[in-house]
Amino acid sequence: MPDYDLITILGPTASGKTPFAAALAHELNTEIISADSRQIYRGMDLGTGKDLADYTVDGHPIPYHLIDIADPGYKYNVFEYQRDFLISYESIKQKGCLPVLCGGTGMYLESVLKGYKLMPVPENPELRARLANHSLEELTEILKQYKTLHNSTDVDTVKRAIRAIEIEEYYAVHPVPEREFPKLNSLIIGVDIDRELRREKITRRLKQRLDEGMVDEVRRLTEQGISPDDLIYYGLEYKFLTLYVIGKLTYEEMFTELETAIHQFAKRQMTWFRGMERRGFTIHWVSAELPMEEKIAFVIEKLRGN
């Protein structure tokens with residue numbers, strides 16, 4: 001039987017990975033570590049698809065980590081994620097449990113599964129001024145020139161692209177100090193969802209979250225003093241809803257552009273996961289359409305080495 005340190009459940013948005021991970025954690029009597037770059041923020045719930053009800057299975061709450069750990073407006077980064085992951089990972093292991101890592105932020109997943117050596121990167125005002133007038137497309141092209149941790153998966157606003165370039169520039173001239181990060185042997189399960197079904201679920205989920213008050217959530221965040229620029233930085237829902245709230249888009253424009261952006265995001269997530277396979281990760285894909293019991297049985301078989 002392979003000696004795994006953890007189980008990773010990954011997949012694009014709307015693939016059902018969170019209820020799958022929760023059901024698996026319930027079966028194995030363990031806890032979940034989230035790998036979602038936006039669900040770490042408190043009060044950003046509907047816009048990040050933070051379905052906390054998914055973490056209750058048959059009336060039993062499943063303990064989860066790295067959700068609701070930072071205030072809106074804060075620029076949390078992958079260096080901090082590595083640090084916080086390790087604290088959560090070690091606390092779960094000390095209980096004698098096999099942690100379940102679950103999420104769709106490829107850079108977060110890969111940073112801990114591969115143990116990238118990272119360090120905090122200060123702001124570079126001169127570089128920011130130089131890049132300020134570039135479009136997102138131009139910045140994405142600049143970013144492609146680096147041998148980089150980043151791809152365009154989460155770089156969907158000008159500010160995020162500039163920050164990604166800032167990090168790459170800093171790493172180019174500052175050698176990364178040796179920092180111990182444990183080599184983790186993870187069983188990696190990917191949730192494979194048919195493209196048309198994924199698109200249908202994305203649209204349905206978007207309409208549902210809007211009905212549940214996603215616009216009000218963004219208004220509430222701005223009323224709490226979070227600047228529109230900071231919300232736009234988080235991309236996707238927060239970018240387009242903020243543009244609607246401040247009057248830059250009509251409701252119809254917001255919906256159409258946001259729907260398209262989420263579809264594109266899911267496609268980029270799958271591109272990242274396929275890239276992980278090319279970079280040496282073994283991902284065991286399971287159909288999103290299988291009944292939950294069959295998905296769990298699939299993982300148990302893989303844990304046994306079958």
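Cβ from N, Cα, C; glycine included.
Marked as ATP binding site by Swiss-Prot: Gly11, Pro12, Thr13, Ala14, Ser15, Gly16, Lys17, Thr18. Taking the Cβ of Thr18 (ATP binding site) as reference, residues of its chain lying under 8 Å away and at least six apart in sequence are, in sequence order, Asp51, Asp54, Tyr55, Cys102.
What Swiss-Prot lists as substrate binding site is Thr13, Ala14, Ser15, Gly16, Lys17, Thr18. When other Cβ atoms within 10 Å of the Cβ of Thr13 (ATP binding site) are tallied across all protein chains shown, the result is 19.
The region 'Interaction with substrate tRNA' annotation in Swiss-Prot covers 36-39, and the record cites sequence analysis as its basis. Same-chain neighbours of the region 'Interaction with substrate tRNA' (36-39): 47-50, 66-68, 76, 81, 103-105, 107-108, 154, 234, 236, 238, counting only residues six or more beyond its ends whose CB sits under 8 Å from a CB of the stretch.
Cβ neighbour count for Thr105 (site 'Interaction with substrate tRNA'): 22 (other Cβ atoms within 10 Å of its Cβ, all protein chains included). Feature annotation from Swiss-Prot assigns site 'Interaction with substrate tRNA' to Thr105.
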* **Residue pair Pro12 (ATP binding site), Thr105 (site 'Interaction with substrate tRNA') - Cα distance, angstrom, rounded** => 9
* CA-CA, which of the binding-site residues Thr13, Ser15, Gly16, Lys17 lies nearest Thr105 (site 'Interaction with substrate tRNA')? -> Thr13
* Asked: Taking the Cβ of Ala14 (ATP binding site) as centre, how many other Cβ atoms lie within 10 Å?
  -> 24
* Asked: So which of the binding-site residues is most packed in, judged by how many other Cβ atoms lie within 10 Å of its Cβ, out of Gly11, Pro12, Gly16?
  -> Gly11
* To do: Output, ordered by sequence, the same-chain residues six or more apart from Lys17 (ATP binding site) with a CB under 8 Å from its CB, or 'none'.
  => Ile9, Leu10, Gly11, Cys102, Gly103, Gly104, Val191
* Asked: Where does Gly11 (ATP binding site) sit in DSSP terms: helix, strand, or coil?
  -> coil
* Could you give the number of helix, strand and coil residues in the region 'Interaction with substrate tRNA' (36-39) as assigned by DSSP? -> 0 helix, 0 strand, 4 coil
